[in-house]
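Record features, source TrEMBL:
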- E88, R89, V134, V247, W526, H527, G555, P566, Q567: FAD binding site (BINDING)
- C462-C518: disulfide bond (DISULFID)
- 292-306: domain 'Glucose-methanol-choline oxidoreductase N-terminal' (DOMAIN)
- 1-26: signal peptide (SIGNAL)
Amino acid sequence: MAAFVGAVKLFISLVLWLNTLSSIQGARDFYEFQYPFIKRASSFSSSSSFSSSSNDEVTYDYIIVGGGTAGCPLAATLSQNFSVLVLERGGVPFSNANVSFLRNFHIALADTSPTSASQPFVSTDGVINARARVLGGGTCINAGFYTRANSDFIRRVGWDARLVNESYPWVEKQIVHQPKLAPWQDAFKDSLLDVGVSPYNGFTYDHIYGTKVGGTIFDRFGRRHTAAELLASANPKMLTVLVYATVQKVLFDKSAGKRPKAMGVMFKDENGNQHQAFLTNNRRSEVILSCGAIGTPQLLMLSGIGPKAELQRLNISMVLHNEFVGKGMADNPMNSVFVPMTRSVEQSLIQTVGITKMGVYIEASSGFGQSQDSIHCHHGLLSAEIGQLSTVPPKQRTRQAIEEFVKRKRDLPREAFKGGFILEKIAMPLSTGHLNLINTNIDNNPSVTFNYFGHPRDLRRCVNGIRMAAKVIQSDRFTNFAKCDKPTVEKLLNMSVKANINLIPKHTNDTKSLEQFCKDTVITIWHYHGGCHVGKVVDPNHKVLGTRRLRIVDGSTFSESPGTNPQGTVLMMGRYMGVKILRRRLGKAAGV
């Protein structure tokens, strides 16, 4: 009897202990995730089949793949009236100091670990790049600058201008701030005006020729506010967000004689276990891809929609042939001119911008957020010590280029951690490339070619932009701020060429030929777009051509990057498309 009582006590103790563990885990998740509707992917109970729309299975009106810049506002909007499941492959930004604080901006980009908020990739052009892997998407790893698109862009894409002008403020009221102008940005503003980038338009979200101060998603304390915070506007009873949920493919009903119909998705959780999630039987339910310009064309092809030859090469079962998936990839090429300082300057990201009439934007950044000995720190993909170079396959990579890259990294001057940069970016590049699958593993980056400066007009605009950047640095306003003599153009370009900014071999005439300087020092500011263009992959309502119940809402549908920086328009796009969907489905009853 005593043994029985002891066993019962032991059993009760075990149950209480397990409950305590569960409570601790729940409390930890609540602290980390902040919202009760955000859960780990492993908590999901999978539906079993297409027939899962029976009453004993959970189904959704909308499944959004990618909780990023567009996905979060889209989910918050649709959840006002319908059940929404968001599947995000990354974690949450709320407890990640590298994401949350301006001073740590570059650290998130330098983190190459599998759980980093930033997933690095190198285009075949040899330019180092990054894509977001976190709830909130690119708003978690970008430079924070916020601006609206110009009215011509809105007209070209065929959007309702009135609804656009309602959707921007919905975002702005929640996460956008007016910056406190840093000294570097103030001097840069005055210098732009000195060299003729006028008039001064003050602080404004609007895209206007001249010099302006834009918005920022960093508040006055240097804390970042991301798209994930827009989920606070959601109906919590109608929204489920799963993090660490990597969607591997969209599931289709391919009944003979009918267009393929999206039924749901297959995804894996943080432990590698497979799950399936399904839509309701309603014909207006949809799977919506918001994976970004890299992830969306990649996922479409892995799901069987893309160029026939591409799918056959990797033995992917073809759902629908579309030769345009992955085509028309573009990235706004950027070149920078480094301005050294003998003293440290306050860290600042993009705050001021010069919008010129020659097809280039001039921007600036300054300072470095780490400690004095940060010159010796881990610099992510740019570290010669971590062996990344041997795995990088840019077309121009040679043994000599690698050796020179390693040497430049080790010889990086301490002055590189003082001063700042004047940045020149091409607006609406005419050069385009393509995206191709390397394998069928969704975790791996596809092969991306942007074909920077493939069109001669882009190169001419870069040359004009570099000349403008040099004039800004040589202006009296800037030299007085920097407390230095006016540097020669050749000296400025020479310092920039020596920096480790890409994997493209350098040429001896880089400082003599501005054309060669542009080609050899091209970098990105993460404004890549395309791969699923309107009229070729999706219709004007962003529904995938030749399919049912499948839509795309992200920058992969853009043929140009809106405004000086796209994040404001992509955020607005999520809200805009959500309201459009609700109004078409419910009319006035939508209430939005």
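Yeah, the Cβs are placed from backbone N, Cα and C, and that goes for glycine too.
Taking Cβ pairs closer than 8 Å, the domain 'Glucose-methanol-choline oxidoreductase N-terminal' (292-306) reaches residues 65-66, 68-69, 121, 131-132, 137-138, 247-250, 252, 260, 316-322, 325-326, 329, 435, 437, 440, 442, 445-446, 448, 528-532, 537, 544, 547, 552, 554-556, 558 in its own chain, all 6 or more past its ends.
On a Cα basis, C462 (disulfide bond) lies 17 Å away from W526 (FAD binding site). When the Cα positions of E88, R89, V134, V247, W526, H527, G555, P566, Q567 are compared pair by pair, the longest gap among these FAD-binding residues is 25 Å. A gap of 23 Å separates the Cα atoms of Q567 (FAD binding site) and C462 (disulfide bond). Residues within less than 8 Å, Cβ to Cβ, of C518 (disulfide bond) and separated from it by at least 6 positions along the same chain comprise P333, N335, F453, L459, C462, V463, I466. Within the domain 'Glucose-methanol-choline oxidoreductase N-terminal' (292-306), the DSSP-based counts of helix, strand and coil residues read 11 helix, 2 strand, 2 coil. Other C-beta atoms found within 10 angstroms of the C-beta of Q567 (FAD binding site) number 27, with every protein chain shown included. The Cβ neighbour count for E88 (FAD binding site), using a 10 Å radius and every protein chain shown, is 32.
A 10 Å cutoff on Cβ-Cβ distances gives W526 (FAD binding site) a total of 22 other Cβ atoms nearby, all chains included.
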